[in-house]
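Asker: Look at TrEMBL and you will find 34, 35, 36, 37, 38, 39, 57, 122, 127, 149, 173, 305 tagged as NAD(+) binding site. Annotated CoA binding site per TrEMBL: 73, 80, 149, in sequence order. Residues annotated as domain '3-hydroxyacyl-CoA dehydrogenase NAD binding' in TrEMBL: 29-214. Here TrEMBL flags 216-313 as domain '3-hydroxyacyl-CoA dehydrogenase C-terminal'. The site 'Important for catalytic activity' annotation in TrEMBL covers 170.
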């Protein structure tokens, strides 16, 4: 009897697993909103792995620039991937580009897509307005995902009627090279949606990690407080920024010191993240404003992209 019971339980368990897997969405058609560095990178890796992609932005000029950037990036990838086969490299580039179409009208292209990935400006109101509008045109099965690195996924999901089909899909820059994707599950995200996004990330050749909808997810939640503590260490006069950078590179094996990394990421970007967290939890000591960071941003010294941050680059 025990044997029969075990067989029955095992059979039921296998059937349940199979049923759950059958319910997952096989994502093959992807719409990427935002033709900037991140959006173009996501479009590139999706197209290069056999997905049909529509890249959306506000103007044809932006999209032309995005497509040119994707082609240049693909040629760099192809040169390494097909080092001994120039013809194969050209075919790879041509085939990938043929899988990417562009549009300036997001509402007209989301009706048949499996997944919408948003990669626009880090502004809650702008993102919410976009998702609210697209929610009216997208098919019922379509999953919405945001590439935000700092905003609360739940707040974005609440702008739609598909909270169970909404999650975070946080890629890292540069997308074609960075293997990590953070898949963010809100309390409302269905298991079907979550597993579909894990499978999609793996299909892109990425290594997904799961995280709840907590400020900064995994990487930024650990990274930003570390960066800010380095700045505070310097503010107190305990060590110079140069010695702090040297110490973390030689002592911890980091490829860049915290001040070098801050300048690379962008001081304005880091301040935006920190300010958002402080607004959510003003009593958290890790989220407190940083005077020297605020001063540099006020002076338009954003790091490498502006020519000066904690260091000078001109």
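Each residue's number is its place along the chain shown, starting with 1.
Any Cβ shown, glycine's included, is placed from N, Cα and C.
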Asker: Taking 80, 127, 170 as the recorded positions to compare, which has the smallest set of other Cβ atoms within 10 Å?
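Answerer: Output over recorded positions 80, 127, 170: least Cβ neighbours within 10 Å is 80.
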Asker: Please spell out the DSSP helix, strand and coil residue counts for the domain '3-hydroxyacyl-CoA dehydrogenase C-terminal' (216-313).
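Answerer: Tallied per class, the domain '3-hydroxyacyl-CoA dehydrogenase C-terminal' (216-313) gives 64 helix, 3 strand, 31 coil.
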Asker: Which binding-site residues from the set 34, 57, 73, 80, 127, 149 come within 10 angstroms of residue 170 (site 'Important for catalytic activity'), judged by C-alpha positions?
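Answerer: So the list is 149.
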Asker: Assuming the binding residues for CoA are exactly those in the record, 73, 80, 149, what is the maximum CA-CA distance in angstrom, rounded?
Answerer: 30
Asker: To see if you understand the setup: which same-chain residues, six or more apart in sequence, place their Cβ under 8 Å from that of residue 57 (NAD(+) binding site)?
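Answerer: In sequence order, the residues whose Cβ lies under 8 Å from that of residue 57 (NAD(+) binding site) (at least 6 apart) are 33, 34, 35, 36, 39, 63, 66, 102, 104.
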Asker: Average the pLDDT scores across the domain '3-hydroxyacyl-CoA dehydrogenase NAD binding' (29-214) and report the rounded value.
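Answerer: The answer is 97, the mean pLDDT of the model over that range.
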Asker: Please report the number of other Cβ atoms within 10 Å of the Cβ of residue 73 (CoA binding site).
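Answerer: Within a 10 Å radius of the Cβ of residue 73 (CoA binding site) lie 21 other Cβ atoms.
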